[in-house]
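Annotated features in TrEMBL:
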type     : residues                                       : note
ACT_SITE : 96                                             : active site, proton acceptor
BINDING  : 23, 24, 25, 26, 27, 28, 29, 30, 95, 96, 97, 98 : ATP binding site
BINDING  : 152, 155, 184, 187                             : Zn(2+) binding site
BINDING  : 172, 173, 174, 175, 180                        : substrate binding site
Ligand SMILES: Nc1ncnc2c1ncn2[C@@H]1O[C@H](COP(=O)(O)OP(=O)(O)O)[C@@H](O)[C@H]1O
Ligand SMILES: Cc1cn([C@H]2C[C@H](O)[C@@H](COP(=O)(O)O)O2)c(=O)[nH]c1=O
Ligand SMILES: [Zn+2]
């Protein structure tokens, strides 16, 4: 379990840093982000949480985990909006970071250089097993990287991949268990993995984002 190196910014350790929490879908990234943020609040720290505006699956103004744990957040259309929405705060949480533009890297560095603890959660890989958006760069510049894992729905092993169950080559297709399942390496690369369903017609298309 991740233990905060300096939970309190005393005059002796008033430096910022970047933490990345990454893994497949259902691996507990959001739960871990919420856990860290709640502990910061218990330590009477000022916390601000952001998520990309396209991610409205559960709630527009909350970051919500798959087991219904939730904290208030500000949806923003771009990474620059995070800087505009920061007042006085000690900790900034960013969920679904894979959906942000590349500017999220400099924004995270800028915040950490200002003395803020930045906690970034996101998918390390897309459904094809390719690095997702700004995540690899964020992992490189972070002081701390935590990889979390789901349970493979086929064999019960540790899952590292998000297998898409509908046929679409779009990088971004928002969805849940109906569209994705977490698989371990062996099951993901197996020829016997569950067949991809014929593409369903997207019900919504916001800025090129399909929402099934
Ligand atoms: N196959 C699975 N493996 C692990 N957790 C799962 C699985 N399917 C559903 N869950 C639920 O998902 C929760 C994690 O949700 P969440 O933090 O939102 O994950 P993430 O943000 O990584 O998608 C777990 O605590 C568990 O209740
Ligand atoms: C693998 C993969 C996922 N997505 C989408 C599906 C969900 O809406 C989010 C991930 O949410 P979670 O909090 O990690 O469960 O991302 C996508 O658009 N493209 C992909 O390849
Ligand atoms: Zn497996």
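For all residues, glycine too, the Cβ spot is worked out from N, Cα and C.
Sequence features annotated in TrEMBL and their locations in the structure.
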| residue | record | contacts (Cβ under 8 Å, 6+ apart) |
| --- | --- | --- |
| 25 | ATP binding site | 123, 150, 162, 180, 182 |
| 27 | ATP binding site | 148, 149, 150, 159, 182 |
| 29 | ATP binding site | 21, 22, 23, 95, 121, 122, 123, 148 |
| 152 | Zn(2+) binding site | 158, 159, 182, 183, 184, 187 |
Exercise. If you take the centroid of the Cβ atoms of 152, 155, 184, 187, the listed Zn(2+) site, which other residues of that chain have their Cβ within 8 Å of it?
Worked result: 153, 154, 156, 157, 159, 183, 185, 186, 188
For this session: Would you mind sorting out which binding-site residues among 25, 152, 172, 184, 187 put a C-beta under 6 angstroms from ligand 3?
Result: 152, 184, 187
Problem set entry | Packing count at residue 175 (substrate binding site) (other Cβ atoms within 10 Å of its Cβ) | 16
For this session: Quick one: of the recorded positions 96, 97, 155, which has its CA closest to the CA of residue 174 (substrate binding site)?
Result: 96
For this session: Report, in whole Å, the straight Cα-to-Cα distance of residue 173 (substrate binding site) from the residue listed as 'active site, proton acceptor'.
Result: 13
Exercise. If you skip the near sequence neighbours and keep only those at least six away, which residues in the chain come within under 8 angstroms of residue 155 (Zn(2+) binding site), Cβ to Cβ?
Worked result: 184, 186, 187
